[in-house]
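K.L.:
After the structure tokens below, expect a handful of questions from me.
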Amino acid sequence: MYKMASELETMTETRKPKMLAENVNVFYGTNHAVKGITLDLHQDEVTALIGPSGCGKSTFLRCLNRMNDTVASCRVEGRITLDGEDIYASRIDVVQLRARVGMVFQKPNPFPKSIYDNVAYGPRIHGLAQTRTDLDEIVSTALEKAGLWNEVKDRLESPGTALSGGQQQRLCIARAIAVNPEVILMDEPCSALDPIATAKVEALIDELKGRYAIAIVTHSMQQAARVSQKTAFFHMGDLVEHGDTTEIFTAPKQERTRDYITGRFG
Amino acid sequence: MTSSAIFLFLVMLALGSFVFARQKALAGAGGDPAKLHSLPRHYGYFAATCVLLPGLFAFGIWVIFGNSIIEGLILSGVPDRVFEQNGDQATLVLNRIRLAVENPNSPETDPDILAAAAKFQAIYLKGIWAAFVLSISLGLVGLYVAVNRTKPDFRARNKFERVVLITLGMSSVIAIATTLGIVASLLFESLRFFQEVSIAEFVFGLHWSPQTALRADQVASAGAFGAVPLFAGTLLISFIAMLVAGPIGLLAAIYLTQYASQRMRKIAKPMLEVLAGVPTVVYGFFAALTVAPLFRDMGITLGLDIASESALAAGIVMGIMIIPFVSSLSDDAITAVPKSLKDGSLALGATPSETIKQVVLPAALPGIVGAFLLAISRAVGETMIVVMAAGMQPNLTANPFEAVTTVTVQIVALLTGDQEFDSAKTLSAFALGLALFVSTMVLNVIALKIVRKYREVYD
Amino acid sequence: MSDNAKEIKPTDWHSPEMNARIKRRYRKEKWFKGLGFTAVILAAMFLVTLIGRIAGDGLYGFVQTSIELDIPFEESILGNPREMSKADFEENVRRANMLRIIDASLQGHFPDVKSRRDRRELLRMVSTGARAQIRDMVLANPSLVGTTERVRLLASDDVDQLRKGRIDASEPEANRKVKDKELGWYQKLKEEGRVSLNFHTTFLTSGDSRDPELAGIWGATVGSALTLLVTLAIAFPIGVLTAIYLEEFAPKNRLTDLIEVNINNLAAVPSIVFGLLGLAVFLGVMHLPRSAPLVGGLTLALMTLPTIIIASRASIKAVPPSIRDAARGLGASPMQVVFHHVVPLAMPGILTGTIIGMAQALGETAPLLMIGMVAFIVDIPGGVTDAATALPVQIFLWADSPERAFVEKTSAAILVLLTFLIAMNGLAIWLRQKFEQHW
Ligand SMILES: Nc1ncnc2c1ncn2[C@@H]1O[C@H](COP(=O)(O)OP(=O)(O)OP(=O)(O)O)[C@@H](O)[C@H]1O
Ligand SMILES: [Mg+2]
């Protein structure tokens with residue numbers, strides 16, 4: 001008994017997940033959208049969530065930073081931890097949680113403010129910068145990390161909405177990075193972008209993967225194969241298969257996964 | 001014979017034509033509707049419109065101009081002496097003639113008036129018969145034309161539909177005609193006013209006392225028609241109203257769209273609609289009866305000198321009236337902000353209030369500005385509350401505890417009671433009306449522009 | 001790039017400063033939410049105060065105080081119905097000085113009131129309408145002559161206010177309208193059980209009057225109804241036809257653009273400006289009769305036109321194109337498509353908009369003031385060209401009266417007006433819900 005526990009300890013020591021969802025169920029009213037999902041996200045990994053439309057990917061993702069709290073009919077069961085701490089515990093503060101677990105949406109949604117103010121928004125509300133130079137520093141760092149700095153450094157005061165779609169999406173990523181999150185959730189970040197912009201965002205995800213735990217929802221198999229190390233296949237609210245991306249794409253264990261990957265449905 | 005009888009005759013003639021033309025069409029086709037180009041009833045419709053349109057045209061001319069023509073004829077026959085006795089007021093003379101006509105045992109003794117009354121009846125009878133004959137004969141001409149064309153191959157439906165289309169187009173022109181009518185009547189009377197009083201005096205003058213200008217030797221005496229105190233009073237009361245309605249309306253809209261539960265919304269929205277549906281005369285009564293005395297008494301206990309018709313009372317009640325207006329327009333503006341923006345802010349860890357203040361409201365700002373402009377225009381044009389609760393004395397002050405008067409109050413004061421159309425006093429009401437119309441119009445146009453631009457951004 | 005990129009300092013989310021900051025932010029959040037809640041509650045309070053205040057006064061407007069007196073129907077004053085022809089008797093009754101009868105009755109009740117002045121004041125405790133009351137009784141039943149009957153007579157407004165507790169008897173005599181002497185008489189009548197508060201049908205069935213206890217709203221109600229009738233007859237067809245034209249037939253050009261903008265702007269023109277238009281055009285140019293529902297209705301029709309047009313257009317637009325296509329596919333002409341298919345389907349929405357427009361028109365006062373529907377009119381108008389007033393104008397007129405008793409009449413009239421408005425809006429809501437289509 002003792003030995004088993006210590007064994008487990010050493011195991012978790014080596015692969016301690018950044019975020020861990022255990023047996024998560026989500027309901028919209030009576031609609032059971034996510035069914036008993038257990039999934040872990042790791043610090044230095046990109047996890048791709050794939051599956052046909054309506055299978056609950058977004059819903060699951062939105063549980064991880066409690067964005068589902070904003071939907072009145074939504075009820076979440078199960079346990080989700082960030083660094084071992086239950087994020088649904090009353091002790092946990094949503095505002096902090098969402099700062100630590102950033103999110104990028106399907107459609108770029110820059111605020112109707114200047115590029116600078118878009119990026120500075122998060123640090124300002126969380127009080128991350130004491131001085132204007134600190135703030136400038138954070139903004140430029142975030143924009144650099146998002147690979148946007150060179151394109152916008154001369155027009156930081158122009159409105160964020162005036163950028164191209166791909167630039168807007170990278171601005172949104174910069175905005176998320178600026179609050180220094182530990183996890184980044186991306187819900188189909190490239191579905192509104194053209195191939196060139198998509199390539200840029202994918203390159204960016206590659207850049208970011210070492211420092212953040214990243215979960216990305218995508219409908220593109222190629223994208224999942226390109227950017228992720230782990231892949232989770234959802235189907236009708238179930239997590240059908242979860243494992244190394246190469247494995248899932250080359251030798252899926254489940255028939256449903258194989259059918260989906262080969263384009264038999266979905 | 002009365003005007004309504006003419007109308008009834010016309011309608012009956014049209015009905016008869018309908019039946020007749022339908023029968024004739026059927027008969028022409030040997031009783032087989034399939035041989036007709038259109039359905040039998042279309043021939044009927046066509047004939048009926050051929051009768052009604054010219055007939056109603058003649059009838060309309062009689063209704064609109066008949067009275068004025070007759071009155072002109074009568075008055076031209078009345079000797080100058082009578083006018084002089086009645087202070088040169090045609091309306092007074094006419095009223096006396098009217099009374100004499102309506103009531104044969106009236107105490108009227110002036111022989112000229114009695115003669116005019118007798119003449120009036122004769123002319124009126126002639127006029128109405130002329131109108132009758134003219135409209136019915138025009139109708140008959142129409143009937144003749146229609147019946148002549150009622151042949152099986154006549155495209156009755158197409159013709160009839162053409163007429164209907166023209167009718168549709170004509171009715172939509174009425175909206176424009178109304179605006180033109182407003183502009184023309186306001187401009188026309190105002191121009192007459194500005195022949196007596198200079199525009200500069202009206203727009204920049206600080207002294208308003210049209211009543212003193214009534215005396216013959218004082219017509220348009222200097223300083224009597226300076227409208228600045230009225231403009232100032234209007235602005236003061238509208239400002240107070242917006243101080244009440246702006247924050248309360250906007251905050252209520254924010255709460256109802258962002259925080260309130262479904263149930264609370266279900267109660268609060270109809271409540272605001274009720275508040276919006278209460279007639280302004282009721283608000284006026286409430287202001288005069290309850291709020292104004294309350295403020296006056298509060299002033300006494302606080303040692304403040306608050307007039308019993310204070311701008312404050314009228315302004316606050318007007319503000320209450322405008323709350324639903326502001327809140328429903330702001331509600332629209334706020335709900336038009338895409339949810340994705342809100343989500344973006346919340347996902348960064350902003351609290352709801354931070355999201356609202358820093359993302360939602362700035363995004364909805366144009367819509368909200370438009371709402372406020374429309375609300376101001378409402379306040380400026382509002383009449384009953386100020387008529388009942390604000391004062392009559394023109395008072396150039398920014399002190400909300402004093403009584404001020406407004407443009408609308410003065411319009412009502414100048415035009416209720418007996419009036420003649422040509423005194424500077426009544427004409428000044430139209431000049432005020434013109435100022436009111438222009439300013440609200442400008443506010444509306446700007447507001448609608450802003451709101452439309454804003455909608456385009458998020459559509 | 002990743003190697004030399006600058007790093008953002010990691011945040012210590014659990015530092016005391018951060019905790020304090022978050023607490024502060026939540027406090028602000030609470031405040032803001034509270035502020036919004038307060039705004040909603042304030043609006044609700046305004047409504048409750050408004051309605052409460054008016055209902056509190058207004059319900060008293062429907063009841064009126066009466067005094068029961070033993071009325072001697074004296075033959076010497078009224079004449080003998082058996083000795084005279086019916087016409088003569090009726091003529092005699094109409095001319096008879098009923099005050100003498102009431103005076104005699106009061107003498108019976110208050111034998112110790114002797115002086116002329118006191119007797120006159122005593123007489124003032126019953127309404128001036130009491131004379132007509134007695135006259136009508138005798139005319140209806142001539143056999144009353146010679147008898148003495150206990151009759152319930154309308155009390156004067158002072159007595160009425162006393163009964164309703166609006167006059168505070170504990171105030172010093174100089175400060176109140178009713179003097180000690182009258183108070184004593186009132187108390188005596190009250191102790192004898194002769195003072196009662198009854199439902200007052202006169203208020204609902206008669207026209208205006210200078211005496212609050214005789215004033216009614218029927219005249220104004222009929223005036224409003226006639227006015228609305230004219231408004232409806234003009235605004236409904238023109239509004240609907242315009243909407244049909246703009247939505248279904250109008251070519252997209254400068255003129256129709258102009259009409260659109262124009263309608264939107266017209267909807268926001270202050271109502272008093274429409275009054276000025278009515279005054280200048282309907283009275284000034286067309287010389288239609290002043291103070292008449294015809295002119296009021298025409299003016300209000302122009303005012304409600306935009307409301308009806310906008311609602312009708314929305315309703316027509318909501319009919320899906322597939323229905324038009326289906327009808328067109330069956331060979332219907334454009335006109336038939338519109339009048340046989342689109343308009344019937346859009347009708348509930350059109351009617352809803354029309355009713356709401358009518359409700360607006362019913363509550364409107366200012367334009368009617370401009371065209372003279374603001375006179376003191378006792379008679380019930382019989383047609384659209386008779387001089388008349390309207391409910392909101394009646395409210396305005398009564399609100400201006402100095403008598404305290406008119407306050408409750410005004411409030412009662414407001415309750416009646418609000419009842420009509422609620423009924424109309426209720427009907428509109430019912431229509432909307434009943435026929436609401438989800439295409
Ligand atoms: N706000 C909501 N209210 C009610 N039901 C919802 C809501 N959002 C999603 N659902 C339901 O939950 C289920 C899962 O939806 P979800 O958006 O998570 O799917 P998804 O996998 O992200 O699909 P897609 O690939 O199309 O984005 C669906 O049946 C959907 O109808
Ligand atoms: Mg999704």
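Keep in mind that glycine also has a Cβ here, set from the backbone N, Cα and C atoms.
Annotations for this protein, taken from TrEMBL, read as follows:
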- C:31-55: transmembrane segment (TRANSMEM)
- C:217-246: transmembrane segment (TRANSMEM)
- C:221-428: domain 'ABC transmembrane type-1' (DOMAIN)
- C:266-288: transmembrane segment (TRANSMEM)
- C:294-316: transmembrane segment (TRANSMEM)
- C:337-362: transmembrane segment (TRANSMEM)
- C:368-399: transmembrane segment (TRANSMEM)
- C:411-431: transmembrane segment (TRANSMEM)
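Tell me about the setting of these features in this model.
P.N.:
Sequence-distant neighbours of the transmembrane segment (C:31-55) (same chain, 6+ residues past either end, Cβ-Cβ under 8 Å): 411, 414-415, 418.
Sequence-distant contacts of the transmembrane segment (C:266-288), counting only residues of its own chain at least 6 positions beyond either end whose CB sits under 8 Å from a CB of the stretch, comprise 294-296, 298-300, 302-303, 305-307, 310, 364, 366-372, 385.
Remote same-chain residues near the transmembrane segment (C:337-362) are listed as 224, 227-228, 231-232, 235-236, 239-240, 243-244, 248-249, 300-301, 303-304, 307-308, 310-312, 314-316, 318-319, 323-324, 326-328, 391-392, 417, 420-421, 424-425, 427-428, 431-432, 434-437 (criterion: CB distance under 8 Å, separation of at least six residues from the stretch ends).
Sequence-distant contacts of the transmembrane segment (C:368-399) (same chain, six or more residues past either end, CB-CB distance under 8 Å): 207-210, 215, 217-224, 226-227, 229-230, 272, 275-276, 278-279, 282-283, 288-297, 299-300, 362, 406, 409-410, 413-414, 416-417, 420.
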K.L.:
Give residue numbers and ranges for long-range contacts of the transmembrane segment (C:217-246): same chain, 6 or more residues beyond its ends, CB-CB under 8 A.
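P.N.:
For the transmembrane segment (C:217-246), the list is 203-208, 256, 259-260, 263, 293-294, 296-298, 300-302, 304-305, 307-309, 312-313, 316, 338, 343, 350, 354, 357-358, 361-362, 368, 373, 377-381, 383-384, 388-394, 412-413, 416.
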K.L.:
Can you tell me which parts of the same chain pack against the transmembrane segment (C:294-316), counting only residues 6+ beyond its ends and a CB-CB cutoff under 8 A?
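P.N.:
Residues 223, 226-231, 233-236, 238-240, 242-244, 246-248, 263-264, 266-267, 271, 274-275, 277-278, 282-283, 288, 342-343, 346-350, 352-354, 356-358, 360-361, 364, 367-368, 370-371, 373, 384-385, 388, 390 contact the transmembrane segment (C:294-316) from elsewhere in the chain.
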